[in-house]
Ligand SMILES: Nc1ncnc2c1ncn2[C@@H]1O[C@H](COP(=O)(O)OP(=O)(O)OP(=O)(O)O)[C@@H](O)[C@H]1O
Ligand SMILES: O=c1ccn([C@@H]2O[C@H](COP(=O)(O)O)[C@@H](O)[C@H]2O)c(=O)[nH]1
């Protein structure tokens, strides 16, 4: 091949490489924007975990009042999705009736949207992640790691009593579904708590006590966080 052709070939190879590298950067940037990178918003997230009926929602309402967080209940977001007539509505409804865990991508999309649409920068995410797959997918998609995990510890006997007395007309507050929810909690959700425990992120609360006493313990956790941040 004449020297001139070799030079031309080399130049066009180099140009192609530069173009591909440039396009790679453009695509990365576009993906970041499409994911709505909630982490870039400097978002503080506290996961609120515990068995069904352990009092997560009740205490989140108190935390919102005292500490200015926004409460995002994954279960409430899924129930709103059913009501909205979304294409996933029937699937979600069936999963909830059976006490099963809705696919991660559905729940994460709802959570991410709620975070990005909200002006606040600190969130209580209640009832999520419910299994290891939820946890890993959330961190992968949002790039957010929780500040800590508030874990409400309560006996099944007490949780069952509370759920049967809740009287909010929830389709899953019947003894058959409650038993299934307990099983899913033990088998799939507790390992998530154990994972965060191994990272020193779990703040365990005795949730069997009366509401006011539980909140005293919760307040101590959030006050300690604020004091640490101010130091
Ligand atoms: N410490 C408590 N002592 C007695 N009853 C409580 C306590 N905390 C909450 N309850 C009551 O128990 C029921 C369940 O509480 P809550 O809805 O807060 O639980 P949850 O953990 O959010 O449940 P779920 O996971 O099913 O959404 C409610 O009727 C609530 O008023
Ligand atoms: O991340 C989640 C949260 C909830 N679900 C489903 O909803 C019900 C009710 O959840 P609550 O937290 O008690 O409101 C739960 O049993 C699951 O079926 C879910 O799949 N993923």
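Residue 1 is the first one shown; counting continues down the chain.
Cβ coordinates are placed from backbone N, Cα and C, and glycine is handled just like the others.
TrEMBL labels come from automatic prediction, so no person has curated them.
Annotation source TrEMBL lists ATP binding site at 53, 54, 55, 56, 57, 58, 166, 209. Cβ environment of residue 54 (ATP binding site): 152, 153, 154, 159, 207 lie under 8 Å away, each six or more residues apart in the same chain.
Look at TrEMBL and you will find 79, 100, 101, 102, 127, 128, 129, 130, 170, 181 tagged as ribonucleoside 5'-phosphate binding site. Residue 79 (ribonucleoside 5'-phosphate binding site) falls within a helical segment according to DSSP.
Residues or ranges marked as CMP binding site by TrEMBL: 134. Taking Cβ-Cβ distances under 8 Å and a sequence separation of 6 or more, the neighbours of residue 134 (CMP binding site) in its chain are 101, 104, 107, 108, 128, 192.
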Greatest C-beta neighbour count within 10 angstroms, which of the binding-site residues 56, 170: 56
Where the record names 79, 100, 101, 102, 127, 128, 129, 130, 170, 181 as binding ribonucleoside 5'-phosphate, the maximum Cα to Cα distance in Å: 21
Sparsest-packed of the listed binding-site residues (53, 57, 129) - C-beta count within 10 angstroms: 57
Greatest inter-residue Cα distance in Å for the ATP-binding set 53, 54, 55, 56, 57, 58, 166, 209: 17
